[in-house]
Amino acid sequence: MTTPCPARPVLRDVGGAVAFLVCVAIVAAVGSVAASSSSQQYAALTTPPWAPPPWLFGPVWTVLYLIIALSGWLVWRRAGSIRAARVPLGVYAVQLVLNMAWTPLFFGAGRYGIAFAEIILLVVAVGCTIGVFARIHRAAAWLLVPYAVWTLFAAALNGTIWLLNT
């Protein structure tokens, strides 16, 4: 009696996890570069009293990005292939692109109104991602709820900063 070699599925799973981590790391890197070059600009803005301290954003986003990668990987793994998960991972990719675009708009370009419109699209895209992920992997969908909540908070903060500084 022979037993199947688990190496191939393990390597596939590890490779998939690395791919999701790399994709999310690229999004995080773009955000980090855009935000780090504008810390003085942000400090000069009028912010609401409920705005968190600037040092909090880095740790929160680090945790959220790890959760975002894990969630995408879980859906891909459950579906069995990129092709089988084409629609959910397409929606996932859209929210990643919107996530990546927001930081340069807000911090890099100082375009608070455009950034606000863009983050509203991001909130919708995250909600759609949760919806399509729930059909494949409920836990993956639930993992994105903190991301959705934080993005809603960021949208409220973005909108308020835009109003206070125009």
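Any Cβ shown, glycine's included, is placed from N, Cα and C.
As given in TrEMBL:
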| type | residues | note |
| --- | --- | --- |
| TRANSMEM | 14-35 | transmembrane segment |
| TRANSMEM | 55-75 | transmembrane segment |
| TRANSMEM | 87-107 | transmembrane segment |
| TRANSMEM | 113-134 | transmembrane segment |
| TRANSMEM | 141-164 | transmembrane segment |
**Study point:** Maximum Cβ pairs under 8 Å to the transmembrane segment (55-75) - stretch from the list 14-35, 87-107, 113-134, 141-164
**Key:** 14-35
Study note, to complete from the structure: With the cut-off at Cβ under 8 Å and a gap of six or more residues from its ends, the chain residues touching the transmembrane segment (113-134) are 71, 75, 87-88, 91-92, 94-95, 98-99, 101-102, 105-106, 140-141, 144-145, 147-148, 151-152, 154-155, 158-159, 162, 166
**Study point:** Other parts of the chain folded back onto the transmembrane segment (87-107), taken as Cβ under 8 Å at six or more residues beyond its ends
**Key:** 23-24, 26-27, 30-31, 34-35, 37-38, 41-42, 68, 72, 75-76, 79, 114-115, 118-119, 121-122, 125-126, 128-129, 132-133, 135-136, 158
